[in-house]
Structures are given as C-alpha cells and as structure tokens.
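Copied from Swiss-Prot, the annotated features are:
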- 1-20: region 'SNAG domain' (REGION)
- 152-174: zinc finger (ZN_FING)
- 183-205: zinc finger (ZN_FING)
- 209-231: zinc finger (ZN_FING)
- 237-259: zinc finger (ZN_FING)
- 265-287: zinc finger (ZN_FING)
Amino acid sequence: MPRSFLVKTHSSHRVPNYRRLETQREINGACSACGGLVVPLLPRDKEAPSVPGDLPQPWDRSSAVACISLPLLPRIEEALGASGLDALEVSEVDPRASRAAIVPLKDSLNHLNLPPLLVLPTRWSPTLGPDRHGAPEKLLGAERMPRAPGGFECFHCHKPYHTLAGLARHRQLHCHLQVGRVFTCKYCDKEYTSLGALKMHIRTHTLPCTCKICGKAFSRPWLLQGHVRTHTGEKPYACSHCSRAFADRSNLRAHLQTHSDAKKYRCRRCTKTFSRMSLLARHEESGCCPGP
C-alpha cells in the first residue's frame, strides 16, 4: 500500500471544531495576540457543557475568574483615562444572561451626557386657602379654574363657590354657558355637560331598584335599603338624647335638630321658632294666630 494512503491530510474546506480547540488550549500560557497571561474560566476538572441548549453554571469565586488578558487592562484604562472618565470597575454578572463571559465596564454618571430627569408637575391640594403661603393661582384640572376670593369661581358665569365639589356640581348640572358637548335626556328636556351626570339622572326615570316585597321602585340602592327596613322593622339609627330610633340616617339627623338649642325657623306671624322647616309649615297650616 502506498505511503500516501497512511498519511492524514488536512482539507482547507473543512470547518474546524472551535470547541475542541478551546478545550485543548494551554491552561497557563501566553496569548498569541498580545502576549498576556490567559487564565481559564473553569478548572480542568469542570468542562464546558457539550449541549448547546445548556447554560453554564454560576461561577465559583474560589475556582473561577474572568478570562481576560492581564496586559490589556492598563491599555484600556490609559485609553479611557484620556477621555476624562473615572477608573473602571469590573463586576460579575450572571452567566445565564449571556453565553459568553462578559466583563461589564461601568463608568461614572457625572461624565455622561444624559438628558435631565423629567420633573412631574406638582398637584396642589384644593383645600389651600388664599392666606396660605405658596397657594397656586390655578388648580390642575380640566380647565385649571382660578381661585376666587371666597373659594372657587366658574369660568363661564363667574359664580363663586366655597368648595371645589360645589363648583363641579354646578358645572355638571346648572351651568349652560360653557362651550362643549351637551348630553340631553331622552325622557325629558334636561341637559347635562357630562355623561356621568346624565346617567345618574336617567335612573330617576328608569328606577332600576325594585322592592321584592311590595314592588315599589327607587332610583338609588340606598333608598331601596331604607324602604326595605320599613317592612322588616329594623331601625339601626338610634338617638343619643332620647329613646327614638330610625331606619334612615337622614331621619335621625332631622330628629337631632329638635334637641338643638338653636331654632333656625321662625314664624312670621308670631315669635315661635322651630328646628325644622316641616314643623314650621305644619304650624302655619294649623293657624298660629286664630282670628276673633
């Protein structure tokens, strides 16, 4: 047999196995490019995973260090130091984030040309009074309504209000001067400037809350709850001054005015005063000053 058949020839068209070349390199040798010392990433007894889908295990600080050419560090620091950057910091990263061994370089934020941070506008409290320091002239809202001397003022009709809730209720229900879309009720001719206010008004026509005992309908669930208590006899709201109890909280508040010393309603014919408007009306209907 000719000797040429026994000699192994290397083909220039064959792709070399870089994984085998990587594992067969010298453990402690010099880099052919820069002459620096090459330190292995893993010890000799721990080989790299052979399956492409497997990820390398986390590093062991006692046995593994970053594979980096030592003479290159002074050159990198010298090149970056000329640009005004601070000293570099080498930190470990999770090897699962990337297959290759990466050494991130982190510099100081003082030398980066980053845009300034966005400053969000401050939302002022609507309870700021005109006598408090730093009170804004305008509030953050749909139209940034200015502060009136007595509180809040409507932009369109210039009607003042003491609270922001009162102004919002006025703009939704009563103010027809503001420019914008108007929502009209399909059951009556009332108009509203917000869809939410219109939906609350439509409930007065549809009456979706119905009593299962008598069939009476209500527009609000709490009105139905107070009505059901008239069937069950439940009266959870008791007066702290007497032994009376009520099924609804509003009736209790009206009753508490009878215990108050301040009588706000006065009869125009006599000097008698009453704590509630209904009591005054009953007094006038009965005839407080009968004729001779």
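Backbone N, Cα and C atoms are what each Cβ position is placed from, and that goes for glycine too.
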Under 8 Å between C-beta atoms and at least six residues away from its ends: which parts of the chain pack against the zinc finger (237-259)?
226, 229-230, 275-276, 278
Does the zinc finger (152-174) come close to the zinc finger (183-205), meaning at least 3 CB pairs under 8 Å for residues 6 or more apart?
yes
For the zinc finger (183-205), the number of residues DSSP places in helix, strand and coil:
11 helix, 4 strand, 8 coil
